[in-house]
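Inspection log for the structure reproduced underneath, given as structure tokens.
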Amino acid sequence: MNEVSQQILGRLSSASGFLSGAALSREFGMTRSAVWKHIMMLRRGGYGIEALSGRGYRLSSMTGTPSGPEVARFLNTSAFAREMVWEEELVSTNTTARVLAGKGAAEGLVVSADRQTGGRGRLGRSWESAPGVNIHCSLVLRPRVPLQRIPQLTLLVAVAIHKAIASLLPDLSAAIKWPNDIYSDGRKLAGVLCEMESEADCAHFVVVGIGINVNQESFPPHLSQSATSLLLASGRIASRPQLLAEIFNHFEPLYHEWCEVDDLAFVLDYLERHAWLKDREVEVSRLHGKIAGRVSGLSALGELRVVESDGTVHLIGSGEATLKQ
Ligand code: BTN
């Protein structure tokens, strides 16, 4: 896909309905038959574009595949996702990325698949996702930071995902749910699963797994109340390769900055402004029991600050927060 096709794609994906051939030819300074050639090129690249005489063009179906060459068109990173392994089906992109990292894969390698047969979530849960419409990918990192800082990566990636979604769908209201989710309208849009291999004091590698419900039109009954997709939340079809590239475009500089500093202070303001749990009554399950109280914010280390009704303040490093009914 060339640059002009890419710009036309961007224009179609930000439009809420049909765009006429005449309008596109005016906007891009080309003939209508040249516009048509770009549409054909985009269709060959996997983008579903309806063409109706008298109305024009509309992006209508699943857009592109989040594979290396497609993602590369939107990338401006130096290392992240410059090398990509793409498979139609994997058990879990995290599992494949861990194997490759164990064999020496360089920082920045991304494994991406159109469907997973054994996708994993946090806390031993499974990650269910419809094939061919969502993002399932894993990034290999080799951070040289103290081991206790590694959990902060989950929130840092959540910032990058949130920023990427905001850049593609600025009208969508999405929020970061500590420690690893992106929510919209109280339902989960995306999750992050960081796994690592380490010695007692240093990480050999971290695999950052990202699952995003992008163009999924419906969910099975057991998920329909708790899950949503960008399509359901915004009414827009999103380009998976563009979204994936945007995540790494945002994440790479954040990651390099994070490696140079001591904590998450440099993104704390962003995390607080887009926090889904802020000022809510929650119950947090931890390894050793539960804590109930009101969330007053996050610490620079990424801990959730929960204030109990008697005023006791807890800083919680890991756990699962649910809203109190
Ligand atoms: C969670 O919310 O519990 C985390 C979900 C993480 C899912 C992604 S999909 C890509 C990668 N491979 C996996 O098996 N899991 C992560």
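Yeah, the Cβs are placed from backbone N, Cα and C, and that goes for glycine too.
Per TrEMBL, the features are:
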| type | residues | note |
| --- | --- | --- |
| DNA_BIND | 21-40 | DNA-binding region |
| DOMAIN | 66-259 | domain 'BPL/LPL catalytic' |
| BINDING | Ser92, Thr93, Asn94, Gln116, Arg120, Gly121, Arg122, Lys188 | biotin binding site |
Cβ packing number for Gly121 (biotin binding site), 10 Å threshold:
16
By DSSP, how many residues in the DNA-binding region (21-40) are helix, how many strand, and how many coil?
17 helix, 0 strand, 3 coil
Which has the fewest other Cβ atoms within 10 Å: Thr93, Gln116, the binding-site residues listed?
Gln116
List the same-chain residues at least 6 positions away in sequence whose Cβ sits under 8 Å from the Cβ of Lys188 (biotin binding site), in sequence order, or say none.
Lys177, Asp181, Ile182, Asn213, Ser226, Ala227, Thr228
So which of the binding-site residues is most packed in, judged by how many other Cβ atoms lie within 10 Å of its Cβ, out of Ser92, Asn94?
Asn94
Over the DNA-binding region (21-40), what does the predicted model average in pLDDT?
94
Mind computing the max CA-CA distance among Ser92, Thr93, Asn94, Gln116, Arg120, Gly121, Arg122, Lys188, which the record assigns to biotin binding, rounded to whole Å?
20
Report the same-chain neighbours of Arg122 (biotin binding site): residues 6+ apart in sequence with Cβ closer than 8 Å to its Cβ, ordered by sequence.
Asn180, Gly191, Leu193, Glu320
Name the secondary structure element type, per DSSP in three states, that contains Arg120 (biotin binding site).
strand
Once the chains shown are all counted, how many other Cβ atoms turn up within 10 Å of the Cβ of Arg120 (biotin binding site)?
19
